[in-house]
Every structure is written in C-alpha cells, then in structure tokens.
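**Q** When I checked TrEMBL for this same protein, it listed these features:
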{"type": "ACT_SITE", "residues": "LYS205", "note": "active site, proton donor"}
{"type": "BINDING", "residues": "LEU9, GLY10, LEU11, GLY12, THR13, VAL14, GLY15, SER16", "note": "NADP(+) binding site"}
{"type": "BINDING", "residues": "LYS105", "note": "NADPH binding site"}
{"type": "BINDING", "residues": "GLU190", "note": "L-homoserine binding site"}
{"type": "DOMAIN", "residues": "350-425", "note": "domain 'ACT'"}
Amino acid sequence: MKAIHVGLLGLGTVGSGVVKIIEDHQDKLMHQVGCPVQVKKVLVKNIEKDRQVHISKEMLTTNVEDVINNPDIDVVIEVMGGVEETRQHLVDALKAKKHVVTANKDLMAVYGTELLSIATENGCDLFYEASVAGGIPILRSLVDGLASDRITKMMGIVNGTTNFILTKMTKLGSAYDEVLKEAQDLGYAESDPTSDVEGLDAARKMAILARLGFSMHVDLEDVSVKGISSVTDDDISYSKRLGYTMKLIGIAQRENGKIEVAVEPTLLPETHPLAAVNDEFNAVYVYGEAVGETMFYGPGAGSLPTATAVVSDLVGVMKNMRLGVNGRSAVAPQFEKQLKSPEHIYAQHFLRISAKDQVGAFSNITSLFSERGVSFEKILQLPIKNSNLAEIVIVTHKAAQSDFEEILQRLNDLPVVEEVKSTYRVEGNGSI
Ligand SMILES: NC(=O)C1=CN([C@@H]2O[C@H](COP(=O)(O)OP(=O)(O)OC[C@H]3O[C@@H](n4cnc5c(N)ncnc54)[C@H](OP(=O)(O)O)[C@@H]3O)[C@@H](O)[C@H]2O)C=CC1
Ligand SMILES: N[C@@H](CC=O)C(=O)O
Ligand code: NA
C-alpha cells in the first residue's frame, strides 16, 4: 500500500494545523483513502524559526523546487499566502502534474479561473475550500450539496478578524486597536491586517462565492468594498439604541440575471440569525429558489479549523486518485456576467447627521428625502451638549442606491447640515 506524499508550501498558522491533523487523524485518513498520508517536504522562509509543531529540520527547505518538482510528492498544499510568486509556484506544480490544495483567497480571487483551467489541462485537482469561511464546508455545499438549485442570494460574515473586532467593541466596549492586536496574536488576521479591516479579504471571498453560486465569472473589481476602520463607538451605540447590531456583511444577490456583490459594515436587527454570529465565527446564508433558506456556521479562521478544510480537500484529491478521476471537477461558468446598475440596487440606509438645532432644519432635511420618494422607518433627534447642534439619526425604508447617493450629496450642500457623520446599509428587516 503506497503512501500518498504531500509537500507543504508554508508552515505558519494553517500549515502547522495541517501537519497536526495529518498526524493526529492518520487512522481516519487511512480508513478513508486506504493508504498512509505523509508530509515529505515543507517550504519555509526561515529554517531556524521555532515551530508550533514538532518537525525535523531535514524536512524543511527554502528551495521551492524541493517541493514542486519533487518526484516523490503527489500533492502540494499551499499555505504560504501571497499572490504573484505563489501563482507561479502553483502553475509550475500543476504543470509538474501535482494536485494542489490551497487556502489562498487572495490568489483564487484573482487567478482562480486561470489556475483551474491549467489544473484541468494537466489532469490535476485544484481544491480551495479553506479560502472561504475557513473550516465551514461552504464551497463544497454550493458545488455539490446545492448543485441542483438556482442560488439567488448569499449573505455572510466571511471575515473572522473584523467579526472579532466588532463583537468586542459592541459587547465589551473594547478599543479598536487593542482588539485588532488580539486578533493578530490569535492568528486570525492576515500578515497585513489592512486587507481584513478594509474589507478586501471579505471581498475576495465574496467574489469566489459569487462565482460558484451564480456560475458567472465574477472579478474582484466587481465587488464594491467598504471596511470597518472608520466605524466609531458612537455608530455602534446609536445602532444598538435603534435595535441593530453592526457586522461586516458580504452580500451577493441575483435578480433577472443581473448581480450585485458588495462588502460593507451593515446594521442587522438584533433578532437576525447573522447578528448572533460572534467573535471569529463566520456564517453564510444561502437562498436557493427550490431549497429556500439555508445557513452555514462555524469557525472562519484559526489554525485547526482552517486546516480541517485543507486536509478534507486533500482527502478529496486522494479519493479521486483512487478512482482515477482527478482534474474533472472544474466547470465553465454557465452565464455571462451582468452587473446591476445603482438604479436597481435597493437597500435600507442608516444615517447620522449633525445639523443646526434651529427651526426648519428638520423639515429641510426630510424634504430632501421625500423629493426622491424615500421615506423613514426610524428617526431619532438628540441635542449635542454644549453646542447649537443636534444629532439626527435616520433609518430609511428601501431606496435605490442612485437616489440615496444623490440625497447624500445634496445633504452635504444643505446650509443647516454641519456634517453627515456616517451612513451604513441596513439589511434583514422583514426577511433575512
Ligand atoms: N490564518 C487563518 O486563520 C487563515 C489563513 N488562510 C490563508 O492561509 C494562508 C496561510 O496563512 P497563515 O498560515 O495564517 O500564514 P502565516 O504567516 O502564519 O504562515 C505563512 C508560512 O509561509 C511561509 N512563507 C511565507 N512566504 C514565504 C516565501 N516567500 N517563501 C517561503 N516560505 C514562505 C512562512 O515561513 P516562515 O514560517 O519561515 O516565516 C510561514 O511558514 C494565507 O493564504 C491565508 O490567507 C485562510 C483561512 C484562514
Ligand atoms: N484573516 C482571515 C483569515 C481567514 O480567512 C479572517 O480573519 O477571516
Ligand atoms: Na471553507
């Protein structure tokens, strides 16, 4: 019974988890694929560094060729991160007929289509379950579990770091910088956490989800992105006061063949199922025309949860090897991509405005909304201490994005308005 040999690119948070699961769950792996699984060689940057798992120095290398062109290695697991250099390593590995498993959403969001076609041309598998929502088997669920359905909406918390930060700010009143540091120490954040807090990491995951869910070639540039770095304590406390929870939400929806994909801090009613997803946990809500509502919940980041998805992909590769069917799973998109224009994107909005506390100010503001046919669901007006200003907090009913943007521009020009302090999308009132 010949063992399957694995080469790792990277031995950090996720790579260490992969080594640990392969060791600790060897009996289960053998039972599933009928042969032992062994890690043969591991690419790292610094061989002398202390590791989270015990591994002999001889297995480590700083030369990528020792992994991707090693005739003893059957499967390359990429958990090093990075885009351009890593893309080249994976192209080389696939051309050397190695199957590939990756956790790299940065790479798959940009070069996924290209890499999948190179994999198919070379009769190789390329699996990437860990790239979206860590340990939650969401890609497999879209591709296999919901294969027969037409997906019309996906809405999710797909970044563990920002969910951890917003949870601690909301529940404990913690300071943004402190909690970000904690998320970094726990291994949730990317090496450059800007991509977490500015929403880019979630946007990459939403592009991958939309591609699979809607069977269209969705580019990263098609995703509109806003992160959480400008969310303030006041925004959070006003949202709470109005019965909402702030979350970084990714939305992908399809209507009449046209799609919208966005990532932004969003207010959800406190009773909404996604509002109860806290800390580093992720959840993805998927609506299919036939199945209706489904929701997938679990850890979106961290060593062992993410490594579980990676090693499960490895099992998928090994099962295909036994059946001799590697390289046959990539399916070309069914539909031409069509994006919704701002006139066709509807949402509710939360606004915090500081305005002059004088007669007529309020009606000046409200008439701007009514002229565009936008009505209010909730409204709050409070004087700002030691000033002649008032804080006006509004939640609108659904409005077209184009109308909302025009209202915002005109609000800023209104003499009674000191400043539009913040605006957020509101989702999930009435239905999910
Ligand atoms: N952390 C998480 O929770 C999740 C991470 N991911 C993705 O998994 C991947 C890995 O993340 P993570 O484990 O957190 O990252 P880490 O920074 O913890 O680990 C990266 C590893 O890759 C090695 N490495 C990086 N660049 C090079 C290079 N140029 N040459 C050789 N070795 C290199 C590092 O070597 P050395 O140790 O010597 O420095 C390190 O072992 C990323 O794509 C990330 O987006 C996906 C889901 C969740
Ligand atoms: N930095 C990411 C890690 C998983 O993809 C996150 O915080 O979700
Ligand atoms: Na996943």
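Including glycine, each Cβ sits where the backbone N, Cα and C put it.
Neighbours and distances for these, please.
**A** The 10 Å shell around the Cβ of LYS205 (active site, proton donor) contains 27 further Cβ atoms across the protein chains shown.
Here the Cβ of GLY12 (NADP(+) binding site) has 18 other Cβ atoms within 10 Å, regardless of which shown protein chain they belong to.
Summarising the environment of LYS105 (NADPH binding site), the number of other Cβ atoms within 10 Å of its Cβ, over all protein chains shown, is 28. Secondary structure at LYS105 (NADPH binding site), taken from DSSP and collapsed to helix, strand or coil, is helix.
A coil conformation is recorded for GLU190 (L-homoserine binding site) in the three-state DSSP classification, outside any helix or strand. Within 10 Å of the Cβ of GLU190 (L-homoserine binding site) there are 18 other Cβ atoms, across all protein chains.
The DSSP breakdown of the domain 'ACT' (350-425) into helical (H, G, I), extended (E, B) and coil residues amounts to 24 helix, 34 strand, 18 coil.
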**Q** Going by C-alpha positions, which of the recorded positions (LYS105, GLU190, LYS205) is nearest SER16 (NADP(+) binding site)?
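**A** Going through LYS105, GLU190, LYS205 one by one, the closest to SER16 (NADP(+) binding site) is GLU190.
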**Q** Among GLY10, GLY12, VAL14, LYS205, which recorded positions lie by ligand 1, judged by Cβ under 6 Å to any atom?
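**A** GLY10, GLY12, VAL14, in sequence order.
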**Q** Can you name every residue in this chain, apart from LEU9, GLY10, LEU11, GLY12, THR13, VAL14, GLY15, SER16, with its Cβ inside 8 Å of the center of the Cβ atoms of the recorded NADP(+) site?
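**A** So the additional residues around the site are LEU8, GLY17, VAL18, VAL79, MET80.
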**Q** Out of the binding-site residues I have (LEU11, GLY12, THR13, VAL14, GLY15, SER16), which ones have their Cβ sitting under 6 Å from ligand 2?
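**A** Qualifying residues: none.
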**Q** Once near-sequence residues are set aside, which residues in the chain of LEU11 (NADP(+) binding site), 6 or more away, have Cβ atoms under 8 Å from its Cβ?
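**A** Result: VAL19, VAL42, VAL44, ARG51, VAL53, ILE55, LEU60, VAL79.
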**Q** Around GLY10 (NADP(+) binding site), how many other C-beta atoms are within 10 angstroms of its C-beta?
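**A** Neighbour count, Cβ to Cβ under the 10 Å cut-off: 23.
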